[in-house]
Amino acid sequence: ARWELAESLLQDVFWVVRSEVFKPCVEDKDLAFCLNEGECSIIETVAGVHRHCRCKEGYHGLRCDQFVPKTDAILSDPRFIKWTYHKWH
């Protein structure tokens, strides 16, 4: 889970640093590429044209298709607190 969070943060940093090479998606097939309200962009490189998604909070993955609940939501869940207490006591 930590690696996935780091990946998401790196995607956001890359988005800001390299924003000059990203173009908004305009075609329907490209707009549908990102899931869960992710923001689609096109990047053109020497290797070809690639789609990139900037995911909403809580989502990550190439197409924003993977959900990661916020840590504070997990920690406040009574089932998690009970499991943690029993595991360590």
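Here the Cβ of each residue, glycine as well, is placed from N, Cα and C on the backbone.
Summarising the annotation, TrEMBL assigns domain 'EGF-like' to 21-65. Under the heading disulfide bond, TrEMBL lists CYS55-CYS64.
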Here the mean pLDDT of the domain 'EGF-like' (21-65) is 91
Enumerate same-chain residues with a sequence separation of six or more from CYS64 (disulfide bond) and a Cβ-Cβ distance below 8 A; give 'none' if the list is empty. CYS34, LEU35, ASN36, GLU37, GLY38, CYS53, CYS55, LYS56
Mapped onto three states, the DSSP assignment of CYS64 (disulfide bond) reads coil
Measure from the Cβ of CYS55 (disulfide bond) and count the other Cβ atoms within 10 Å, all protein chains considered. 24
